[in-house]
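Taken from Swiss-Prot as is:
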type    : residues                              : note
BINDING : 36-43, 63-67, 81-84, 148-151, 180-182 : GTP binding site
BINDING : SER43, THR65                          : Mg(2+) binding site
DOMAIN  : 28-199                                : domain 'EngB-type G'
Amino acid sequence: MAEEQVLNTHNASILLSAANKSHYPQDDLPEIALAGRSNVGKSSFINTILGRKNLARTSSKPGKTQLLNFFNIDDKLRFVDVPGYGYAKVSKSERAKWGKMIEEYLTSRDNLRAVVSLVDLRHAPSKEDIQMYDFLKYYDIPVIVVATKADKIPHGKWNKHESVVKKALNFDKSDTFIVFSSVERIGIDDSWDAILEQV
């Protein structure tokens, strides 16, 4: 997709929710998956870059997303919101089920072009964040790391926090790193540039 202008990002809707590949959309539209731990701000990221308030439901209860949620964007692109990981109150068996569902999608979906891996800029990446990044690198899936909640940190400390995140992830310079805030609307254009470069 050469130009951002050809994509009407406001023309977006939730298409379907799927538990396994038999429920995935059956076409060749490119897909960008969004992964991150519970309450990292995935729903806010989706709503902010699409300019919509409640397209993806934000929840005060972590672990709310239990299926792969496919969002149709102008019939040209899809976002796929995968269940948030690292939520302790979900049973081990439930976490294992989610893990299998996520792994099946990430490793077998031909439509997948890249993964937006969301981390919290305020904190060093969790064990699960690092495992997700390593998993994506192992399978040679392009990664866009989006560090959320930048508005919670003084601007002058962003570089320091970015360095902490990158070091913990063993960040590959061929990937993209974006500082993002849905509150201050920071990183929207950079996110679209990185996404459209992959599709």
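Here the Cβ of each residue, glycine as well, is placed from N, Cα and C on the backbone.
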How many Å separate the Cα atoms of LEU67 (GTP binding site) and SER43 (Mg(2+) binding site)?
14
Could you pull the average pLDDT for the domain 'EngB-type G' (28-199)?
90
Binding-site residues compared (GLY36, PRO83) - the one with the fewest other Cβ atoms within 10 Å
PRO83
Among the binding-site residues LYS42, LYS149, which residue has the largest number of other Cβ atoms within 10 Å of its own Cβ?
LYS42
Neighbour tally for PHE180 (GTP binding site), based on other Cβ positions within 10 Å of its Cβ
27
SER43 (Mg(2+) binding site): secondary structure state under DSSP, collapsed to three categories:
helix
Mind checking which of ASN39, SER43, LEU67 has the fewest other CB atoms within 10 A of its CB? They're the binding-site residues.
LEU67
For GLY36 (GTP binding site), what is the secondary structure state per DSSP, taken as helix, strand or coil?
strand
Could you tell me the C-alpha distance between LYS149 (GTP binding site) and SER43 (Mg(2+) binding site) in angstrom, no decimals?
13
